[in-house]
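Peer 1: Next up is a structure, given as structure tokens.
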């Protein structure tokens, strides 16, 4: 293979990308060396099995991916700003919308939420870590290396260009030769291992590690939404695993699952993809609902209205999510009966979702709302998401869908549910729990600026797109005609305003890192209701010195009334902790190498990598490291310091 | 996390961590069921789409497949006996029965490889048609699982030799046992819905 086939050449934007990658990498290496931080990086972060640190790494990676996906979005909006623009050519435009969609769903939304779950769920249930801390590290590194593999594609080998849905036969080896689609298949496959493992890990953690007295119906609602999400992950992700594997085998080993020759069935890809893909939508929205519920209860200073119906609604939504997948391709022509069935199941989802909306409104009703930034994101979510939901019901009507299908009406709809739903929740959750992660709050003034810019930019960007869709503008076209100019131009302005909002948000993080006061309470906002706020800030590595007894889903409210804390000196015992290990990082680095080789169809190298990964599993099997214990003296010292106790206390 | 032992339970359930590992593995098996269901569904959809390649009824042989089925079912039985010996506290019995399970697993694999080679020589390979793609990937995935199970059992046998019966080693044996029985169940579905239907239709 020639070097110019290996690297992508001939595109000024991609050369710029290469230069910036080289510069950023060089800067990072220089800074680590200059400040002698390599050992710190390895010992404190790369080998960690602490759920809080892993969660932080998830969120940092997700923010980086939000930046990458956002740049893709701005490039598309620039291309569509004026009729017949020449900013991106058709091929490059195809690559950009493919990577934008894939990155935002798989490498931004999901890891962001999984990062928040990592940090918060064990704290909410009074656990000291995940059920399987080692596996949790494996999950993170599999996501991280999967994301790196996918992102590599735009400078090495060429980016995938068949849309984030990667439909066959377009994505097959005849119509899309070369490594592009292989990057998609193997990047997702590698990251998928981690998602499934996290699903199992969190489910066992929630089922088996709750504080004494915390029955299922006394769990905080975010933990509930996580539990149901793990259920969806466990039954949906294997379908993606199979679909990706079958297409990989089609492309590399010449089978005929989705090909036009050999009596293959291209539409089977669409079925398999959406049998995973629709539950996936709920994997990224249910935890978001959980986050909003926590924030509303906290800043409305009221118990969540209709806790039991909330739980019921989540369960029903999860069940329905598995039986609606055909609504993504009503126009395939499955027939009136099949389309009617899926149309009805689709519209039924609006019922439990509506229940949740009314529960939130009822919680807010006659309450004393504290307008903090996380609360602003949450309040903006309710009406914005409802617009997305209502247009979703419109799309769900099979007969009408023949009109809306594949138009900007659809594009606007799913951005209206995913951005106010998932992205707002990610921002809200990050700001809300930020003090528990970093020991200081984010600056509220800057946060409000970021919020208003992002919110206004969002509506300016996507509201016109409904009308563009009704005017007949198809999705994924790379130039627009003059009749669509005005609305497209407004939309582009909105996109850049959102981008500005994001930059200000990141500025807020840096500003707060330097100037925010550090000396804050465990219950940092002062209105906390659940156990994560019972821990001191910053949280000790073992989370809870003593695990409290729980008898309602607002456990901290009860503890405050009784004057209890998570530091009861009479009950202290040595705490068992797992050891840090570099194995997960090394194992996944080897699998990254194997997947990279398979992308270029270098079979021998891929097999060597696979054997290496199996050797790593053997090493793990023979590893009988029992961890260590934190002794009582050390716990007392840590807690006294974290709780700023004086000597006589 | 906690190491408190409860005497009433079998050794593999005696620690909280051991219990969680076993629950976790059951959940993993649920995911495996979803995985194999997808493969079975794919196979069913592609059934009959043989293009120019031979039809399954021309190639499937009742004899070989029956032998394979008996070997694998017997291996599940010997695996059960291994766990029984473990519960009785007999390390030697456990290792003998586990080793026998392993030998049976290997002979199953031998037959499967022979069968695949035979089909390919008759003109039915992975790339021959959609049907044969579905067949090879479904049965092949099961075969890869069996192979991994064998490697896993070897690792556990070595650990048993090194450490004897502890809360950790018994938990590992128990989990690999669950895995092995699961593969047996999958094979029963392959035997009925792939081979028996394939021979009749």
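Each position is counted from 1, following the chain as shown.
Keep in mind that glycine also has a Cβ here, set from the backbone N, Cα and C atoms.
Just so you know, TrEMBL annotations never went through curation; they're auto-generated.
Grabbed the feature section from TrEMBL, which reads as follows:
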- A:12-35: transmembrane segment (TRANSMEM)
- A:34-551: domain 'Cytochrome oxidase subunit I profile' (DOMAIN)
- A:56-76: transmembrane segment (TRANSMEM)
- A:96-121: transmembrane segment (TRANSMEM)
- A:133-156: transmembrane segment (TRANSMEM)
- A:183-209: transmembrane segment (TRANSMEM)
- A:221-249: transmembrane segment (TRANSMEM)
- A:281-299: transmembrane segment (TRANSMEM)
- A:311-330: transmembrane segment (TRANSMEM)
- A:336-355: transmembrane segment (TRANSMEM)
- A:414-434: transmembrane segment (TRANSMEM)
- A:446-467: transmembrane segment (TRANSMEM)
- A:487-510: transmembrane segment (TRANSMEM)
Peer 1: Taking the transmembrane segment (A:311-330) as the reference, which of A:56-76, A:96-121, A:133-156, A:281-299, A:446-467 gives the largest number of Cβ pairs under 8 angstroms?
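Peer 2: Looking at each of A:56-76, A:96-121, A:133-156, A:281-299, A:446-467 in turn, the most contacts to the transmembrane segment (A:311-330) are made by A:281-299.
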Peer 1: Per-residue pLDDT averaged over the domain 'Cytochrome oxidase subunit I profile' (A:34-551) comes to what?
Peer 2: 95
Peer 1: Which listed range (A:12-35, A:96-121, A:133-156, A:414-434) shows the maximal number of Cβ pairs under 8 Å with respect to the transmembrane segment (A:56-76)?
Peer 2: A:96-121
Peer 1: Are there three or more C-beta pairs under 8 angstroms joining the transmembrane segment (A:96-121) and the transmembrane segment (A:183-209), sequence spacing 6 or more?
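Peer 2: Yes, the transmembrane segment (A:183-209) contacts the transmembrane segment (A:96-121).
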Peer 1: Determine which residues of the chain contact the transmembrane segment (A:133-156) at the Cβ level, with the cut-off under 8 Å and only residues 6 or more beyond its ends counted.
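Peer 2: Here the qualifying positions are 6-8, 14, 17-18, 21, 47-51, 54, 57-58, 61, 65, 68, 95, 99, 102-103, 106-107, 111, 114, 118, 179-180, 183-184, 186-195, 197-198, 200-201, 578, 581, 583-585, 587-589, 591-592, 595-596, 599, 620.
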Peer 1: List, by number or range, the same-chain residues at least 6 past the transmembrane segment (A:446-467) whose CB is under 8 A from its CB atoms?
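Peer 2: Tertiary neighbours of the transmembrane segment (A:446-467) are 77, 373, 376-377, 380, 384, 391, 408-409, 411-413, 415-416, 419-420, 427, 431, 487-488, 490-502, 504-505, 507-508, 511-512.
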